[in-house]
C-alpha cells in the first residue's frame, strides 16, 4: 500500500493551527505596538515577516497537493530562521550599545514593498536595543523565540510522523 501524497487530516489540522498561531502572534505584536505605543525595531519587523511566511507556507500545505513535504520543510526552515533572529534580538537587548540612535537594518526593512503598503504593520519605528516591560516575565523577543521554537517542534514532529508513516 502506498503512502498518501498529500497531507493527512491530522496533519492538516496541525498545519492550520500553526498558521493561525503565527497570525495570532503577529496580531498580538500589533496590539502591543498600537495599544502600548511600543514601536517595532528592524528585528521585530523581520520576525513579523517570518511568522507571516510560516502562516503562508502552512496554509498552502494544509490545502493539500503534491508539494506538502516541501512546504513542511520550508515552514520548519523559516521557524528556525525566526528563532535565530529572536536569539540575536535577545542578545542585542542584553548587550545594549550597538546602535547610536540609528539601526543599520532600518533603511533596508523600510524599503521593502510591504512597508509602503502597510506602514503601521511593517514600518520600523524603534531600536532593537530598547527594552520594553516584560510580559509574564519574558521580553517580546523571548516570546518570539518561544513561538518560533514551538512551531519548529510541532513541524519537526509532523515531518517525523510523516516519515514513519511512509516507511511503514
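Every residue, even glycine, has its Cβ placed from backbone N, Cα and C.
Given the structure is predicted, the values throughout are model-derived calculations rather than measurements.
The annotation disulfide bond is assigned in Swiss-Prot to 41-44, 100-128. Summarising the annotation, Swiss-Prot assigns topological domain 'Cytoplasmic' to 1-14, 65-69, 162-168 and lists sequence analysis as the type of evidence. Under the heading topological domain 'Periplasmic', Swiss-Prot lists 32-49, 88-142, citing sequence analysis as support. Sequence annotations record features per position, and here Swiss-Prot assigns transmembrane segment to 15-31, 50-64, 70-87, 143-161.
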- Item | Whole-number Å value for how far residue 44 (disulfide bond) lies from residue 128 (disulfide bond) (Cα to Cα) | 8
- Query: When you measure from the Cβ of residue 41 (disulfide bond), how many other Cβ atoms are you left with inside 10 Å?
  - Reply: 26
- Task: Could you give me the DSSP helix, strand and coil counts for the topological domain 'Periplasmic' (32-49)?
- Result: 13 helix, 0 strand, 5 coil
- Item | Other C-beta atoms that fall within 10 angstroms of the C-beta of residue 44 (disulfide bond) | 25
- residue 128 (disulfide bond): tally of other CB atoms within 10 A of its CB: 23
- Near the topological domain 'Periplasmic' (32-49) in space but 6 or more residues beyond its ends, with Cβ under 8 Å, are 26, 82, 85-86, 88-89, 92, 103, 105-106, 108-109, 114-115, 120-128, 130, 132, 140-141, 144, 148
- Whole-number mean of pLDDT values that fall within the topological domain 'Periplasmic' (32-49): 94
